[in-house]
Protein chains: 2
Amino acid sequence: MEEHKKRILLVEDDPNFGTVLKDYLMMNDYEVTHAKNGMEGFEKFKKDDFDLCILDVMMPYKDGFTLAKEIREKNTDVPIIFLTAKTMKEDVLKGYKVGADDYLNKPFDSEVLLMKIKAIIQRKATETISDSKQFEFKIGRFDLNSKLRFLKFDGGDPVKLSPKENELLRLLALHENDLMPRELALTKIWRDDNYFTSRSMDVYIAKLRKYLKPDDKVEILNIHGEGFRLVVNS
Amino acid sequence: MEEHKKRILLVEDDPNFGTVLKDYLMMNDYEVTHAKNGMEGFEKFKKDDFDLCILDVMMPYKDGFTLAKEIREKNTDVPIIFLTAKTMKEDVLKGYKVGADDYLNKPFDSEVLLMKIKAIIQRKATETISDSKQFEFKIGRFDLNSKLRFLKFDGGDPVKLSPKENELLRLLALHENDLMPRELALTKIWRDDNYFTSRSMDVYIAKLRKYLKPDDKVEILNIHGEGFRLVVNS
DNA sequence: CATTTTTGTTAATGTAAGGTTAAAAGACGA
DNA sequence: TCGTCTTTTAACCTTACATTAACAAAAATG
């Protein structure tokens, strides 16, 4: 049934603890890549596809949060678990802001970690058959390449999109002709849903509308109180 | 923006702690139903739709796990967070087995709880993939798309519906040719049944009748003192 | 039949959400 | 540190919505 072992990227600077944890996870049928610091962690992340990242927060050179941010830029979906020192509540909150899926206070119980890993991986598996793979869209007479972040009209000169512009347009494109709930964009892109992020999103909608003006068959409609809808009229 | 506040079922037997927590959550813009034990919790769960359940593990009459199992039988999707006593690792593991989404050791930090709630609710939101079936209705020569909130006559130009118009028409459509009790609409849509909401509903019925005028085979009949009936004559 | 209750309908009002532009604040590399 | 790009916040305006009031018409009540 199971095609391949789940791959975990473990970034932990303490060599003893790291090795023990790695062995423990491998004993439990995970394929583990162990990086000794944030730098190395990011290098390894770029080289491979992982099903889960476990990041220590406190590390020399590059801490877990910075690493998480870099990882998130490459991949918005991969689950991240932070290992934080006990009592460091700030770390926990900061972790969630960066888009963590969970955290564990050190020292933690290994069985609990295992449960969390299982729960998270299973959860992600049921989530939309990774829309993460889709980066190129045809939107009316436009071509959106959301990996390189540009938008071309009629194959002409590409317009550069900022990260947020890009992600928002991509989300809209993924839901073409359908509702793209406000909440979805806010939680996925802004990672927070409040008055200000919501207004910020409206600003970006205005920007996108400007970009899309050249093709009058393409428009972004609002569904009051729900979200937006990218429609391509024929 | 406010689509509607997220609803939380809080089941906690300690009256002091429960009340404080409830108030805290309400201050943070959640709608909270507080049950004092497992029994009551299940009763309340059956009566309403919740976006999240927070269950204390240790409770008289019916503990959190048993309650969670019952809830899972009714609803496989609603997120559950357990509140467990510190150090009770067994509880944590058991919780995950019952299908918990997360747990918190008591005493916990309220901000952390808030983050977890946010994270879990938004996670569920992204999982919920649109099953368009539930949202599309044929009413005589009309097509109602209650997800995108529009009503089309003979495939012509769609008329936009407001949220209340939409929900009301959808409820009527779900009961096509049958009685749609006043009380049902008021409790489901207005979440309150009093003179004013009732009058408000009448106003919406008038609006819907206007929209439906183009097809003289479609009408909304009143059943005095009972409710309304959407009929499609052949 | 007179009276009360419920419903039909239109219009007015107040509030919230969204559209848009510009300025302020952050982020980041040179 | 400066300049540039990006994002957020502010401001102002428009539109969308829901509620309430007001008055008319049916339906029930007795």
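Residue numbers in this text run from 1 along the chain shown.
Quick reminder: no glycine exception, Cβ is built from N, Cα and C everywhere.
Marked as DNA-binding region by TrEMBL: B:134-232. The domain 'Response regulatory' feature in TrEMBL is assigned to B:7-121. Residues or ranges marked as domain 'OmpR/PhoB-type' in TrEMBL: B:134-232. If you look up TrEMBL, you'll see B:D56 marked as 4-aspartylphosphate.
Around B:D56 (4-aspartylphosphate), the C-beta neighbours below 8 angstroms that are at least 6 residues distant in the chain are B:V11, B:E12, B:D13, B:D14, B:G64, B:F82, B:L83. For the DNA-binding region (B:134-232), the mean pLDDT of the prediction comes to 96. Residue counts for the DNA-binding region (B:134-232) under DSSP, helix first, then strand, then coil, are 41 helix, 30 strand, 28 coil. Mapped onto DSSP classes, the domain 'Response regulatory' (B:7-121) shows 56 helix, 27 strand, 32 coil.
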